[in-house]
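Working notes, structure below.
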Amino acid sequence: MSDIFMVLGFALAAYSIVANDSIQTLGTFLSSNAKRPWWILWIWISGIMIVTVSWGWIANGGDPAFGRLAAKAIAFPTDYGGTFTWVFILPPLALVILTRFGIPVSTSLLILTAFKGLVAVQQGNSSGEAISLFANMMEKSFVGYLIAFVLGLIIFWLVTGNLEKRFKETANDGVRHPAWTVFQWLSTGFLWSMWLIQDLANVFVYLPRELHVTGLILSLGGMTILQGILIRGRGGKIQKIVTSKTNTLDVRSATFIDLLYGLVLLFFKVDYIPKLFAAMGLEVPWPAKMPMSTTWVFLGLLAGREIGLTLKMHINNKKTVAKLVLSDAGKAFLGSMVAIALAMILPFLITPVEKADEDAPAQAIETVTE
């Protein structure tokens, strides 16, 4: 049964990362390429995913999560004599349910925090380790939100605002120059790879830390199929978060969004902030390779962009924009609260390995006596 729950947990996590998180990365790509055959988009996106995951697996000694699980010692149950139980499938199941309601939940915060709490208790440790992980990830994620918000506000207000204004005025002028399509597909490829590096830990937390090549092939196959389902359905309910924003259907605007989002994720991939703090002799705010919520970064960028364009173009009512931004942030906050609630509640449903081992002989004696 342990293997069944492991595979089921991976499948649900893979579905959630495809249906919920990846739309943050691919949303503008899907919306601006809505008239193209879905399978062409699928080949491009899946190809980049296969290359990125394979590269991570090779470069990190069989760990396709790019070392992010090791950053906070999120153990694999069988490595310490534990097992997967039905409780382990509850975090991704909750994520799938929230996704169906169109709520942009952070997969990193929900999956990794809950998983950390379960393995900690199963090892005989305190579930407080999950709270500590949540605090570190939330701190990094909030900083990511602020950086993305400020960049989105400044760049789309002061730098590219005039371009966006022109894009909107010429939105119905006909076919775009082919160069824009090339630029957008390249920027999406760059962003997609940066996002995968950050969020692959959310899926591969359910598989061995040193994944066999067979496991790699099977997991990639499953994720590729799910990616095809998502793209064929044009993103589902989460896609509305993208399409509700100004000018996101224009390939030119989508290119700038993807490029800026990718650069922000690259900034956090390289861990410039911990390195800067260390160089200045200050306390490092979070360990290197610490997982973070790309959901918060994504929403911060869209919020800053929407406010910047409103200030520049005066096309939206400020109250409407504020309501839109606060609504997105509120949904993300709700998802974070669900994550911390699961991290606190689920450990009560798990049995420590030591206790399970002690109970087994007693049960055997009772059976013999009877």
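For all residues, glycine too, the Cβ spot is worked out from N, Cα and C.
Here the transmembrane segment (38-59) has long-range neighbours at 26, 29-30, 65-66, 185, 188-189, 192-193, 196-197, 200, 211, 216, 219-220, 223-224, 227-228, 231-232, 234, meaning same-chain residues at least 6 beyond its ends whose C-beta is under 8 angstroms from one of its own. The transmembrane segment annotation in TrEMBL covers 38-59 (among others).
Residues or ranges marked as transmembrane segment in TrEMBL: 80-103 (among others).
If you look up TrEMBL, you'll see 142-161 (among others) marked as transmembrane segment.
Long-range contacts of the transmembrane segment (182-207) within its own chain (CB-CB distance under 8 A, at least 6 residues past either end) are made by residues 6, 9-10, 13-14, 16-17, 21-22, 24-26, 28-29, 32, 44-45, 48-49, 51-53, 56, 63-66, 68-69, 74, 76, 84, 88, 107-108, 111-112, 115, 215, 219, 223, 251-252, 254-255, 258-259, 261-262, 265-266, 268-269, 291-292, 294. Positions annotated as transmembrane segment by TrEMBL: 182-207 (among others).
According to TrEMBL, the transmembrane segment annotation covers 213-231 (among others). Same-chain neighbours of the transmembrane segment (213-231): 10-11, 14-15, 18-19, 22-23, 26, 30, 38-39, 41-42, 45-46, 49-50, 53-54, 57, 64, 203-204, 207, counting only residues six or more beyond its ends whose CB sits under 8 Å from a CB of the stretch.
Same-chain residues lying 6 or more positions outside the transmembrane segment (251-270) and placing a CB less than 8 Å from one of its CB atoms are 25, 28-29, 31-33, 140, 144, 147-148, 151-152, 155-156, 160, 163-164, 167, 176, 180-181, 183-184, 187-188, 190-191, 194-195, 197-198, 292, 294, 297-298, 301-302, 305. TrEMBL lists 251-270 (among others) with the feature transmembrane segment.
Annotated transmembrane segment per TrEMBL: 290-311 (among others), in sequence order.
The transmembrane segment feature in TrEMBL is assigned to 332-350 (among others).
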Listed stretch, out of 80-103, 290-311, 332-350, that has the most CB pairs under 8 angstroms to the transmembrane segment (142-161):
290-311
Do any residues, 6 or more residues outside the transmembrane segment (80-103), come within under 8 Å Cβ-to-Cβ of it, and if so which ones?
1-3, 5-6, 8-9, 12-13, 15-16, 19-20, 110-111, 114-115, 118-119, 122-123, 206, 236-238, 240-241, 331, 334-335, 338, 342, 346, 349-350, 353
